[in-house]
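Asker: Take this structure, written in structure tokens, and hold onto it; I'll ask about it next.
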């Protein structure tokens with residue numbers, strides 16, 4: 001909430017990347033509230049969270065939607081940062097507010113569509129075949145369909161974008177050095193991007209890897225849910241706590257760290273045109 005209110009109240013922060021940061025905070029807030037809803041159901045009626053019930057469809061679907069929206073926002077931020085650096089030497093294409101708003105709308109529509117598929121009929125309420133143990137009444141094939149592609153996207157795309165940013169900054173630093181100009185700005189930006197990308201990767205792995213492992217276990221498990229109580233359900237609760245911690249970690253990384261990172265990237269974009277002219281002369 002602090003991130004959302006601060007960015008909405010500050011006019012200087014109404015930029016494309018700031019809009020994406022604000023939407024990421026909104027997705028994290030949505031994840032926290034839907035997780036709180038599931039927690040209250042567990043407190044008031046633990047049996048429906050263990051053995052599944054129609055009452056769990058809506059909260060689980062909203063929780064899935066919020067997680068997917070967070071993943072898509074993280075990927076969008078990585079792509080925007082890459083375009084900000086890769087296109088700083090060109091003037092043909094620039095990411096503006098309309099592009100950011102369009103990306104946000106697409107992210108939410110896709111997240112709601114995929115997250116609400118169980119509400120549209122893809123659930124195992126009336127059959128025990130292919131029933132998920134951890135997230136009943138979800139079906140195992142639905143969890144696999146949702147988890148594997150999005151885990152691949154969440155891991156591969158940020159890896160590519162941030163590595164490309166570091167490579168581009170390093171190449172430009174070498175060009176500046178060849179022209180006999182100072183390279184301190186590029187070196188500082190390269191270090192900042194590397195640190196931020198490491199934090200992002202560690203937070204993503206710590207938050208979502210146990211959940212992915214739980215889905216794989218769910219798909220390969222053939223035991224009765226009663227035999228798995230309480231250990232496997234404690235593990236499920238721990239995965240939910242880690243996802244909630246990710247919602248707390250995102251504002252720290254993308255807001256506190258992004259101020260310096262954004263200033264460095266802005267300086268690179270503003271100075272790039274004059275540096276090109278200087279090298280040309």
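The first residue you see is number 1, and the count goes up from there.
For all residues, glycine too, the Cβ spot is worked out from N, Cα and C.
Okay, these came from TrEMBL:
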- 1-254: domain 'G-protein coupled receptors family 1 profile' (DOMAIN)
- 20-40: transmembrane segment (TRANSMEM)
- 60-79: transmembrane segment (TRANSMEM)
- 100-122: transmembrane segment (TRANSMEM)
- 142-167: transmembrane segment (TRANSMEM)
- 198-217: transmembrane segment (TRANSMEM)
Asker: Look at every Cβ pair spanning the transmembrane segment (142-167) and the transmembrane segment (20-40), keep those 6 or more apart in sequence, and say whether at least 3 of them are under 8 Å.
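Answerer: The transmembrane segment (20-40) and the transmembrane segment (142-167): touching, no.
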Asker: In the predicted model, what is the mean pLDDT computed over the domain 'G-protein coupled receptors family 1 profile' (1-254)?
Answerer: 79
